[in-house]
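Here's what Swiss-Prot has on this protein:
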type     : residues                                                             : note
ACT_SITE : ASP185                                                               : active site, proton acceptor
BINDING  : LEU41, CYS42, ASN43, GLY44, LYS45, SER46, ASN47, PRO48, ILE49, LYS89 : ATP binding site
DOMAIN   : 35-362                                                               : domain 'Protein kinase'
REGION   : 1-23                                                                 : region 'Disordered'
Amino acid sequence: MNDQKMSCWRKKSKKKNSEANQRQRWFQENGKVLLEDLIELCNGKSNPIKTFSAEEILQATDNFSESNLVIRFNFMYRGILQNRPVLIKRATWNYYKSDTLEKICRDIAVSSMVSGHKNFLKLLGCCLEFEHPVLVCEYAERIPFNTPNPEMLLPWRMRIKIAKEIAIAVSYLHTALSRTMIHTDIQPFNIFVDSNGTAKLSDFCLCIAIPEGETFVKVHADRVEGTLDYLEYNYAATGLITEYTDVFSFGVLLQNFFTRTYGVVDCCCSEDESLFEEFEDKQNVMNLRISDRISKFVEEGRIFDMLDPKMLESMGDDETEEHKIRRMKAVLMLSLRCTGHRGDVPKMMEVAKELKRIERWT
């Protein structure tokens, strides 16, 4: 081997060793934060989390090729890993306002806690060998929300089923774990449907655990995060997080899902502007206008005026117009209760039970 070839070989070897050392450092740093979060949330008694190597992830996504990008704003890729289709989530520092590593580890930790439930996007494992941990999840499709393609619009039966199953998932977060977990970002982009038509809730980066014996957590106004048009007023204005934070967001989701009065889906706000400031500046927030409009239409008996015609057609000719109105009014009245526009705000378990009842109506 001549001197030139030897020099080239040494450089490649040095670069390879440097990359391996860096990945090992990331693995240790990321693993430490993840372990701390698991201990905080469940005293370390969590399900085992499978880890994948960086090489496996890069091969599965073709080096994170844009052609495999499923959701651009939160960097979700499709891939093939160990002979099965998967979704691979790779966040970046500028996706979140702050604490990116902690948020990604929270996503992994909560996902591992709920993966046994069919209505959550199942975590298959993670990779800690990148600067930001990468999640590997079962493959599912995003729900076609507010699509301009009429062929992709979901029929009534599918919409009510998805709504019911997401309500069940949120109720599970609130009641079935060792500590009450508040999702804080229930919105369409975080909902998937698998090949069997089962709805899956995902993305727990902003999930907040309420301490044992407490019913709320309060964060500083500049720490309020989420999707603006789905934020509960109290949370946006004061930083107070309760179970009703999710109930409100779910109510807005129902309103957007069953009418053609769509809200605007915003990503997290810019680093130099808090959601509190953005909320305060936006005096007639979209979800308030939607709820008020729905309330007015219900009172005036004009429900059909705000419904998606394709969805109405999908309810079938065997149903009378009166029966269709009854079912839709029940859903919309439930949504208004969730947003505080009609009577007492229900808990998510009650919401799930009511949606089951509406689904069974014949």
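Each residue, glycine too, has its Cβ placed from N, Cα and C.
Separating the Cα atoms of ASN47 (ATP binding site) and the residue listed as 'active site, proton acceptor' is a whole-number distance of 24 Å. Of all the Cβ atoms in the protein chains shown, 21 others lie within 10 Å of the Cβ of the residue listed as 'active site, proton acceptor'.
Annotated pair ILE49 (ATP binding site) and ASP185 (active site, proton acceptor), C-alpha to C-alpha distance, rounded: 24 Å. Counting only the Cα atoms, the space from LEU41 (ATP binding site) to ASP185 (active site, proton acceptor) is about 19 angstrom. Local packing around the binding-site residues LEU41, ILE49 was summarised as the count of other Cβ atoms within 10 Å of each Cβ; on this measure the leading residue is LEU41. Using a 10 Å Cβ-Cβ cutoff, ASN47 (ATP binding site) registers 14 neighbours. Averaged over the domain 'Protein kinase' (35-362), the predicted model reaches a pLDDT of 85.
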